[in-house]
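Features reported for this protein in TrEMBL:
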DOMAIN    23-288  domain 'NADH:quinone oxidoreductase/Mrp antiporter transmembrane'
DOMAIN    290-343  domain 'NADH dehydrogenase subunit 2 C-terminal'
TRANSMEM  5-21  transmembrane segment
TRANSMEM  56-76  transmembrane segment
TRANSMEM  96-115  transmembrane segment
TRANSMEM  152-171  transmembrane segment
TRANSMEM  178-196  transmembrane segment
TRANSMEM  202-219  transmembrane segment
TRANSMEM  240-261  transmembrane segment
TRANSMEM  281-304  transmembrane segment
TRANSMEM  325-343  transmembrane segment
Amino acid sequence: MNPQAKLIFTISLLLGTTITISSNHWIMAWAGLEINTLAILPLISKSHHPRAIEAATKYFLVQATASTLLLFSSMTNAWYTGQWDITQLTHPTSCLILTSAIAMKLGLVPFHFWFPEVLQGAPLTTGLLLATVMKFPPITLFFLTSHSLNPTLLTCMAILSAALGGWMGLNQTQIRKILAFSSIAHLGWMTIIISFDPKLTLLNFYIYSLMTAATFLALNSIKALKLTTLMTTWTKTPSLNAMLFLTLLSLAGLPPLTGFLPKWLIIQELTKQSMAPAATVISLLSLLGLFFYLRLAYCTTITLPPHTTNHMKQWHTNKPTHITIAILTTLSTMLLPISPLIYPLS
């Protein structure tokens, strides 16, 4: 892709995200989401492969439907209450439609079907944007309207997301699809707590973005797209593979690592809100996710003799990217001891 075009699309992404997260009016938030959608489409389809074109088409159709629902929800609320302010969403029908629209934008169950397919068709760097940056504006709208949304509905969607995200990732061999189902499961954890402590949702999203960025950049550096390719990458970059192993265990939420922090705080808050059964169920469902993360981690550190797999031999390393990966993996694995400092900051 032309560097000038890539710069324009990247600036448009930043602009769209900034407009949505800083707006008070529903029309401005909708406009920001539309700019975001239009800016990411060329980045998804830049390889001109039929699967990439298919992914871009699916993404466009789903996001256009979600934006329409969001606009319809805000107009219904304005019709009944005369308010266009995002925080003044009070009409029950508007709240229900908005929940559906944001669930579609994020890829929450039952609107999750598009996300694994789109991530599988996009390059790894674009996949990173789809899994992190593109989810920030809808999460912000969730945050701003959390007091108006139905907690029971959100809890049901969250538990279903955690269940399906873990269950459907078990049998996958494509790394991008595994990370897509991982994202759906993490969204379940973010959604279950948003009605009770919205700041915890944002903290979970920030830490999830950190760990996902480290994973995607490491995979992009070693050019691994399938589990079979991942098994032979230890000969190219053994130290990077070791750090990828720790980052994947952090994504799974194992205790000594950063990924355990949001899960710990969410379970604690749910117990305080007399929702111990929901906390128990979502904790047990996270074991499904742990299984496929352990599969990935096992494939990362296994020492198979090199054989003829279709992966790129990497003789020259890209220094700036490796510094970024080093910083991200360090943060993804070692933030738990300073958790008393992190939580007040969120």
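All residue numbers here begin at 1 and follow the chain in the order shown.
Just so it is clear, glycine is given a Cβ too, placed from its N, Cα and C backbone atoms.
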Cβ under 8 Å to the transmembrane segment (178-196), counting only same-chain residues 6 or more beyond its ends: which ones?
106-109, 112, 115-116, 119-120, 127, 131, 135, 139, 142-143, 146-147, 149, 151, 154-155, 157-166, 168-169, 172, 204-205, 208, 212, 215-216, 251, 262-263, 266, 269-270, 273, 275, 278, 282, 285-286, 288-289, 292-293, 296
Tertiary contacts of the transmembrane segment (5-21) (same chain, 6+ residues out, Cβ under 8 Å):
28-29, 31-40, 42-43, 129, 133, 136-137, 140-141
